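Asks: So that we are looking at the same thing, I have put the structure below in structure tokens.
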Amino acid sequence: FKGGDTCEYLLSSGRFLGEKVWQPHSCMMHKYKNSEAKNCLIDKHVVFIGDSRIRQLFYSFIKLINPQVKEEGIKHGNIPFEDQSASIKVDFLWYPEVNGSMRQRIKSWAEGSVAKPHIIVVGAATWSIKIHNGSNEALAQYKINITSIAPLLEKLAINSDVYWVLQDPVYEDMLSESRKMITNEKIDAYNEAAVRILNSSSRNSKAKVKVFSVSKLIAQETIMKSADGLHLPESSRDTNAMILMNVYCNKIMKPIDGSCCQPQPPLTLIQKIAFCFFTLSIFGYLIISLIHRNNYRKNKSCTDLESGEEKKPAISTPNVSTLEMLLQCFCKLGLIMTYFYLCDRANLFMKENKFYTHSSFFIPIVYILVLGVFYTENTKETKVLNREQTDEWKGWMQLVILIYHISGASTFLPVYMHIRVLVAAYLFQTGYGHFSYFWIKGDFGVYRVCQVLFRLNFLVVVLCIVMDRPYQFYYFVPLVTVWFMIIYATLAVWPQIVQKKANGSCLWHFGLLLKLICLLTCIYFLSYSQGAFEKIFSFWPLSKCFELNGNVYEWWFRWKLDRYVVFHGMLFAFIYLALQKHQMISEGKGDPLFSNRVSNVLLFISIVSFLTYSIWASSCKNKTECNELHPSVSVVQILAFILIRNIPGYVRSVYSSFFAWFGKISLELFICQYHIWLAADTKGILVLIPGYPMFNVLVSTFIFVCVAHEISQITNDLAQIVVPKDNSTLLKRLLCIAGFFSGLHFFSAMQDQSRH
């Protein structure tokens, strides 16, 4: 289903999500703030011409520029408005009928020397029906008058945006006696005449008058709430004003969540190079596959009819198979990236705004929890936070986060605060997992570092190139990458303290605790010194990675929000491994973690702590204040969950294979959702099948999960090739990667220069 002309859809069709949220057909509508409206309309002149209903629209429009404006103007007269700070002029001109007076005013702009307005909004009919008592003669005269005005409006439409507002229906039961002749049948006749006559002589698409018919649809749903049966309620006219703002401003301001009326962005130089690279990879893979197939046929083993033995062909050289595997990976990746681009950059598929309801969030949560419990299996090992359990933990958290994003639940503060704990839990696992590895293995080699960095960043680097987005846009990957490097630096710096060394003397344990205290001090200092933090990450080349919209504030905010939880994960790993080493915990199958009394007490404290945090998060009233407390208190619910999950032996001995499967591809799911499940960089929802919301979600989810799984496989395969274990080969690959990023920086600089 092609998106088509989204401007036309915005002006003519849509539906309500709930009571007040208007969803245009096929595209997303941005909610303009007054500062954005001023930036868009700077040095502009806007004119509204018509009756009292156009006057309503005029007031709603100027309130988008200045919310303090009051409706105090003359009812049956002209009303001027001016914002001197942005040099914006908006005028309402009282012309309740389409007649000679209105024609003369429009003619002065179309043919005279008077400065033409940039935006003209016209509409009138109900006064003609009222004054002439709904006579057919009045309708005939209306047609004559609009026929004389139409060429002038079309002439103005060449250089200005001209909108003809169709008449909204009325609520006939509420109309006063003096307005009883204004019937919906008459209004439809007047609207039909306007639509038929306007643009009938214009063959030039640029000279077309835009028919604002969406107001009719909005009025059909809301006119019952009208005070007099004729004028729209305030929420409806505000929606109309916002639609007008989107039609004119989206192509100027280019908001991410305003896909209506936005042209497809042109391909950048880097995107063109990426397209050529993937195309060559596809052709290269096909050529090599054909060559190998021909060689296989030639060397095909012949079965000895007498002995029944098979003669094996010569084995192909490893270099060729590595090249084929590399090209196969890039071939699949190229096809997947084409899908990414078509979904979120080309105007091919429709996009819709999110709309939160409690049912849209909680019903899917219950559904996946039931599925997760259904797929319960025994674990291979019964240690605390074993691999299957951590995969399960990542899996259900990722599914909850996905539902949170697609349902738009961030608008509901209690849900937002609980999701913040899930993100913190991911980082807690980062601290726990990497600390445990370095502490037990003592492997600080370059190979390990490169493997982790490649697996974390490969997909994001490709998306930065293909989708033309900065690295910091995918904030979670920079976050886990930086924390991994901090963990590595903390443990690798002299003196290197690992478990094997610490077993010889308890002093080494104090040495490690001293390192952790130093780390905590640095975190505390940077969290309260925004200037120092920004200076560190403003140096090149870090600035290229962590800047978003020209500064690193967003990166500081994201880092600060969960600043202590990685440290908590490292500390938990240290304490747990120390207890395990000294055999102070029991991890046998079915055994409680501690003695029965201690286990029961800890379990009770954990449940109370878990519920206490949930009660506090649910009672949050201010997001800023709750975010300030979150870094210090999120660990309470995380530790409570770990103890509840691990203290009872029977709970620790089972896991959900359903959740664990998703947990293995959780990183890919988190990143891929930006463009092929959600849309407009997570601000909206991708619509592959319009008109069937549930079926659309099922189809897009299936494709999304399959793609994420495939990318996970591609990343693992490429990691084996790009990051080999041999140090000399690895060094050569690192030089190649450095060359790649140098080239990327060079082309990025060229791209920025051409944009400026």
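Cβ coordinates come from backbone N, Cα and C, glycine included.
The domain 'NXPE C-terminal' annotation in TrEMBL covers 22-72. The annotation domain 'Cas1p 10 TM acyl transferase' is assigned in TrEMBL to 253-734. Feature annotation from TrEMBL assigns transmembrane segment to 269-291, 355-375, 395-416, 446-466, 473-495, 507-526, 561-579, 599-617, 659-680, 692-711, 731-750.
Map the listed features onto the structure and describe their local environment.
Replies: When pLDDT is averaged over the domain 'NXPE C-terminal' (22-72), the result is 94.
Within its own chain, the transmembrane segment (446-466) is flanked in space by residues 270-271, 274, 333, 337, 340-341, 434, 437, 473-474, 477, 480-481, 484, 488, 667-668, 671-672, 674-675, 711, 715-716, 718-719, 722-723, 725, 727, 730, 734, 744, which lie at least six positions past its ends and keep a Cβ under 8 Å from the stretch.
Long-range contacts of the transmembrane segment (473-495) within its own chain (CB-CB distance under 8 A, at least 6 residues past either end) are made by residues 423, 426-427, 430-431, 434-435, 438-439, 444, 449, 452-453, 456-457, 460, 463-464, 511, 515-516, 518-519, 545-546, 548, 554-555, 558-559, 562, 566, 570, 667, 670-671, 674, 681.
The list of residues near the transmembrane segment (561-579) in space but at least 6 beyond its ends in sequence, with Cβ under 8 angstroms from a Cβ of it, reads 384-385, 420, 423-425, 427-433, 435-436, 439-440, 479, 483, 486-487, 490, 499, 509, 512-513, 516, 519-520, 523, 526-527, 585, 627, 630-632, 634-635, 638-639, 642.
Under 8 Å from some Cβ of the transmembrane segment (599-617) lie the Cβ atoms of residues 414, 417-418, 421, 592-593, 626, 633, 636-637, 639-641, 643-644, 647-648, all in the same chain and six or more residues away from its ends.
Remote same-chain residues near the transmembrane segment (659-680) are listed as 28, 256-257, 259, 339-340, 343-344, 349, 351-352, 372, 375, 388, 390-399, 401-402, 405-406, 426, 455-456, 459-460, 463, 467, 474, 476-477, 686-687, 700-701, 703-705, 707-709, 711-712, 715 (criterion: CB distance under 8 Å, separation of at least six residues from the stretch ends).
Same-chain residues lying 6+ beyond the ends of the transmembrane segment (731-750) with a Cβ under 8 Å from its Cβ atoms: 269-270, 273, 450, 465, 541, 544, 722-724.
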Asks: Please work out which recorded stretch in 269-291, 355-375, 507-526 has the most C-beta pairs separated by under 8 angstroms from the transmembrane segment (395-416)?
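Replies: By Cβ pairs under 8 Å, 355-375 leads among 269-291, 355-375, 507-526.
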Asks: Can you break down the domain 'NXPE C-terminal' (22-72) into helix, strand and coil residue counts using DSSP?
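Replies: Going by DSSP assignments, the domain 'NXPE C-terminal' (22-72) contains 22 helix, 9 strand, 20 coil.
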Asks: State the residues, same chain only, that lie 6 or more residues beyond the ends of the transmembrane segment (269-291) and have a CB under 8 A from a CB inside it; answer 'none' if no residue qualifies.
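Replies: For the transmembrane segment (269-291), the nonlocal Cβ contacts are 320, 323-324, 327-328, 330-331, 333-335, 337-338, 465-466, 468, 744, 747-748, 750-751, 754.
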